[in-house]
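Engineer: Take a look at what TrEMBL says about it:
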- B:136: active site, proton donor/acceptor (ACT_SITE)
- B:164: active site, schiff-base intermediate with substrate (ACT_SITE)
- B:209: pyruvate binding site (BINDING)
């Protein structure tokens, strides 16, 4: 592969103060814990990082802080997520200044776009970026699926060097992985689905970008190491343990989307002493009361607390 | 109604130079033509205005230009469209400085949000804005529908003073209009669907925000005037004529979404001598060749050329 | 138009005994009441008639009963709803034997079908049927939309003579009506949306097939008569009254789909003394307790009780 | 597990004569080839078996033929697929008479149904059936997803003894498998997704129901045997080979759904000398010309021809 990206690259959850400001102390504790666990990279400003809730200034603060704390120990990917091409290019320019190793870009959203426009979008971004670009396939947010054929075309022209798959479509992922291998693996392939990383590795993934990796980075590193060694039975057992842990994201009652998932990760990190608060960006609200208890209950059952 | 908003309020298409810059001369011709036709307001930076493709600087340029040209002759609405609450509030702050009369805001998008979060979103925006807020119901872009019950709740607290409905759900719109009338019309109701404005008026709409109004503002003004006079037969005939004209948006082959619809409006305006180009924002491309011919053909059949 | 179909054609709700058998006495009361109100036709075995819940024997019982009671006073349409072409043709054969005036057919469902297959489907059905065929556009049930262009093609070959539109897409309906008029009205157009019949008439509908017409047939007949006379103000007022009444379908808590809508119609008919029970087909259950009270409350407010 | 169902259970493709009749000779060749390859069961009248296209008589013919040919050598499952509860129960009664080992049932479709109705549906079916019932989770056809929590509830009451998952949702499947194991495996779990059987086995599947198994039963039997032995590297290699073969389903141009997928299986079986024709049920048409060549090309690359 022609990229430095491989292995476990958690999408950083962004700690906030109760006033919604970036909580630098918590961020430093989070990153230190992840690096100590042996993760192979970090992905700042992903969907789990609440990127869609942040303006340019907040995004710059996050990238400055992350690259500063990491100080080159592992590659750092930056999510450059916005509605359309020019706005994405602006974010890439800003990210490049902070010294990130690569950027992650979705299909356009809000305005309906066809396959022709999506192709133009990634081609233009590939030409504009001075760092490697990974395509982020996340139809639950952008409401279009990136077709394997188009991703391979973009790989051939060098517009993209990798794919982060959060599509929920494991059939499409297998087809992409198969074609990628047939062409000498121009793409680094990552799955974002916390509970089926093992299957994605069998399919041909080179790594994972699990939001749950913020909570249990060591588990995903063990899973990755076992997969590299071809010890699939160990992979499976570790995955089952992590799938149990992932129930924290399904435990909150009355919450959907990141208010449930990211909300549970932040709550777990607060319970683990890593974060000072579990504050969420408006219009989301933090988990409270019995929803916090439900997260704590799962952590205890899995042995993290 | 407690708002100055009523009647025909076209969502301004944004003319661009071939380099993608704001084309001020074309914009001035467009606005002059609309005001001369008797429109009752203007809506800048709507979906048809390519707002999702523009960064903060471009948005400010558009609002400065529009408010400058209009110079208080009619109310000006500004689309403050972005993914989440804080980003929307930033756009509202910027819009307020340009002297707009009101702002138009969608539900959050990209990150999945539940009804609780959407309610928080509009409540927070209603509190933050110093100008009236209209809710923009456009599930084709944001992938959630604003329920009539929630819109009436937001009306009661004063968070919103109107609704622009581009939901495609005429059943829901009728239910909203009925409830609005039962409570003394706290909301000004607008439809964005060019070819069924007549039905929306029967349902209880106070006005329309038709993208096609950029091309034929006089037709929509005649339709509105006839509706005010209760001359529904004239309303119907004018609507049928405008529905024929709207076929320009379905004529382009190989285009979807705004690349087809807004692309056809810009092409028509170029053919009518109002715009210098039919340039679209990246990653969209302008209509060309037989697609331009198809638009011209419809304009001729309807008698605009 | 080359069909006998025009005006108010309620889709008959099917009364059941508590054991789920066809309740002939209630059916006779219902039909008598509808005919006395001046409806222009009847549609048996539509979605509102629970056709999808009935086997061949029950369908035959319903058609025999309806055609027997109607005895040629008005045209009778039969829903021949099933998954694929051959099964639909079997239902048409059975329906023809009962003496119905025409049949109503949806796009195929369950198995995914493309536009090519849908075209084949209606073409084959048009060839097989000895009575006129109406296309039933109901994407909420079959999950594909019938494109106006295809419907006009089928009209030109004589495969269909009408369309019942329950698509919820008033933009598409206007485009269909416009094209239909341009070609001399080969199609009789009906809307199934109870609360926006007025807008559909402005668009070019020749009639309506309102489930709510089971409850208030006289209201829809008045609406139709006013529309024929061009008295749109009267049309609008009657539609608003009927839209108020339609709130019975939104009143039930904890119910969706026909369990709510058809359930409320049956409950209203029981409260009005027309039906002996409000029994629903399994796996649905009848409205009970506060849900019945909610229906009764709306009936009283609108003055039907 | 309390069922006889485990291992590779291909969903039988149904061979037709050019006139659309059941082709018994081809069916016998198909079943003989499958049994010779060591499959562990057969599933007649699944989606791949074109069940939605068949009337009661044709369904009876298929089940009689299959149970007759199999003659008890392996368990036979029968798809009892229809819109609503009573119609499904009728199919179950008919299937039971043919001596099938178990039945497979989907959620209701056509009429919108809520979670409450789906639960009633499966509960009623579990009570009515005298043979074991498997739930068939196939939202692409029925447009609702069966929630893992509900499936476990139905397992606890004994209403169902297994699940065939064609949901495309591998996250949900992992959660179901995890909960199933925690409760002592009351459910036999099968995946229908041909190219990710390996991942499903890691997740906890007990077998697979691959349409492609009609074409290469030996491959799936080798995959299953390797999984039973814990030889995951062999599982992965066999899966990759089968994933290559599955490209036959993506090769046809201008076809969607079963017209593409099942059409390619039938075409492959004809090319392999098992089927006499590749005829499809109306309104689908058989693959022809370059689409047949494309299937042949894949078969040759994978070494089956």
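Heads up, the Cβ atoms here are built off N, Cα and C, so glycines get one too.
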Engineer: With every protein chain in view, how many other Cβ atoms are within 10 Å of the Cβ of residue B:136 (active site, proton donor/acceptor)?
Structural biologist: 30
Engineer: Distance between residue B:164 (active site, schiff-base intermediate with substrate) and the residue listed as 'active site, proton donor/acceptor' at the Cα atoms, whole Å?
Structural biologist: 5
Engineer: Write out the long-range same-chain contacts of the residue listed as 'pyruvate binding site', meaning residues 6 or more apart in sequence whose Cβ is under 8 Å from its Cβ.
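Structural biologist: Expected: B:9, B:10, B:11, B:43, B:46, B:164, B:166, B:190, B:191, B:192.
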Engineer: Can you tell me the three-state DSSP label for the residue listed as 'active site, proton donor/acceptor'?
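Structural biologist: Looking at the DSSP assignment, the residue listed as 'active site, proton donor/acceptor' belongs to a strand.
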Engineer: For the residue listed as 'pyruvate binding site', what is the secondary structure state per DSSP, taken as helix, strand or coil?
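Structural biologist: Going by the DSSP assignment, the residue listed as 'pyruvate binding site' belongs to neither helix nor strand, so it counts as coil.
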Engineer: Have a look around residue B:164 (active site, schiff-base intermediate with substrate) and count the other CB atoms within 10 A of its CB, chains all included.
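Structural biologist: Taking every protein chain into account, the count is 29.
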